[in-house]
Amino acid sequence: MHRYRTHTCGALRDSDIDQTVRVSGWCHRIRDHGGLLFIDLRDHYGLTQCVADPDSPAFKDAEKLRAEWVVRIDGRVRRRPEGTDNDDLPTGKVEIFITEIEVLGPAGELPLPVFGEQDYPEDVRLRYRFLDLRREKLHQNIMTRGAIVDAMRKRMKEQGFFEFQTPILTASSPEGARDFLVPSRIHPGKFYALPQAPQQYKQLLMMSGFDRYFQIAPCFRDEDPRADRLPGEFYQLDVEMSFVTQDDVFAAMEPVITGVFEDFAKGKPVTKSWPRIPYFESLRKYGTDKPDLRNPLEMQDVSEHFRGSGFKVFARMLEEERNQVWAIPGPGGGSRAFCDRMNSWAQGEGQPGLGYIMWREGNEGAGPLANNIGPERTEAIRVALGLKAGDAAFFVAGDPAKFVKFAGLARTKVGEELNLIDKDQFALAWVVDFPMYEYNEDDKKVDFSHNPFSMPQGGMDALTSQDPLTIKAFQYDITCNGYEIASGGIRNHRPEAMVKAFEIAGYGEQEVIDRFGGMYRAFQYGAPPHGGMAAGVDRIVMLLCGTNNLREISLFPMNQRAEDLLMGAPSQVAPKQLRELHIRLNLPES
């Protein structure tokens, strides 16, 4: 017999009755039923009920066991007594009558229970992550994550992609966030950086004659904590292809992402044919470049109906050309109580309020706005929005660049409050035609809007003749249920265009050469047109596991202060290590 087990804790069935077996695992739960001791033994594969009675030679040993002790149990498989089957367990028709117990690893008093799914403070869960990971839901999430990554690899290979690994130690580059720096012992005063993404390497692979690359890549960014991103590191499905247009990338990646979602959607519908939504259209209709298309509401510009109207607040705003009035339809929301609730919510968001119109029987408009603009304009708005009696509309006004985020929040709030959002689906879409540049108010300069290596639509002509803020890029995102799950673009593969693109953002030619020397040199020796994308593994897993917290799908995450409470990182290091790296600490005063 094997030293530790003949079967796993999830393997025993009716066919094993009367066999002598050996199992090992953790004492998940111990119950004393009037002299009978029941031990639910758990391992990675499942749960098996084990029983000892006072006549069992192992009864005294069984009485000593406590939760999460690791034990080896020998015994005979028998049918559970009639009426005690557990249909929720694959092993639920049988039990082991214990003949021998060996304690392999006792456990101290538990700082958090493994049995059950009670909420515990995050710092306790992270400090004792090895216990937390034993809990069923988190354990299953991690297994699902592994299966999703396997499915990604399988589907990428079916599409003709090859997996390569790019370096982890690289040069620092301005890709939008701070780098994690690694000092060089051999070259004092110089630093490596952990890659924010394999961006340059994957483009260099295309210039090296490879085609259709992918990897499940670790990425590192020294960013301030954010609710939707884990501190420190994350993983992405990184992709690059040679001799492709934007449509080629879409044709290759839609089946991969759709297929992965279908594999793990548990029967929920997944978008088959993805809509392509231009960036500015997405902002106008949904108030965000990450639209949740499960919400059917689309905002409309209704400025013409308020221009010169009796509602002076909006009418005066519209005298400035940049200002607009947007309407958010609220089908079924035409009650005073709901409209007042939305108005109070808006005030809680720091807004002066949320204007509204309700439509009553006969499509008569009601509310302060309707009274001020009159029945003709009110009816025109109703028709434009496709509303009817019992519906409402809500209005935001001003400079869209300033109110668009709030408008998007209001659209989401209306959809949630009126139960219009179908939570049982995965709504995927492409968002396309991103602006190449944006104006950085803090630095008072034009800056890259997204990826600095994207090809501008119009190429070199656009860079030399257009207002930079009007240039669009061959850049695209994949969105799902209000999350950005992937981003990519067709790359700028001409050296003169690369230099010009960076020049507009304030980088001199020599600085470009210094920072991106490897890629700049490669551009001089025959660079193919190429493009690709990167999909966020963590966010995709989060969506498919049905959680809103990235820590629920990650093995050993840091907390929001970028601390690893289990391993004690970041930590001080020995003075000898600092001397070897020629580093002297200059700490801020506390």
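Placed from the backbone N, Cα and C atoms, the Cβ positions cover glycine too.
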Site co-member for ATP according to Swiss-Prot, given ARG221, ASP222, GLU223, GLY536, VAL537, ASP538, ARG539, out of GLU163, GLU281, GLU484, GLU589: GLU484
Feature region 'Aspartate' in Swiss-Prot, mapped to one of the ranges 139-142, 143-146, 199-202, 295-298: 199-202
Beyond the flanks of the region 'Aspartate' (199-202) by at least 6 residues, Cβ under 8 Å: 166-167, 170, 173, 175, 213, 238-240, 451, 453, 516, 518-519, 532
Integer Cα-Cα distance in angstrom, ARG539 (ATP binding site) to ARG221 (L-aspartate binding site): 16
Tertiary neighbours of ARG221 (L-aspartate binding site) (same chain, Cβ under 8 Å, six or more apart): ALA177, ARG178, ASP179, PHE180, GLN196, GLY232, GLU233, PHE234
Proximal but sequence-remote residues of the same chain as GLY536 (ATP binding site) (Cβ under 8 Å, at least 6 apart): PHE234, TYR235, GLN236, GLU484, ILE485, ALA486
Recorded ATP binding residues, ARG221, ASP222, GLU223, GLU484, GLY536, VAL537, ASP538, ARG539 - maximal Cα separation rounded to whole Å: 20
The region 'Aspartate' (199-202), counted residue by residue under DSSP: helix, strand, coil: 4 helix, 0 strand, 0 coil
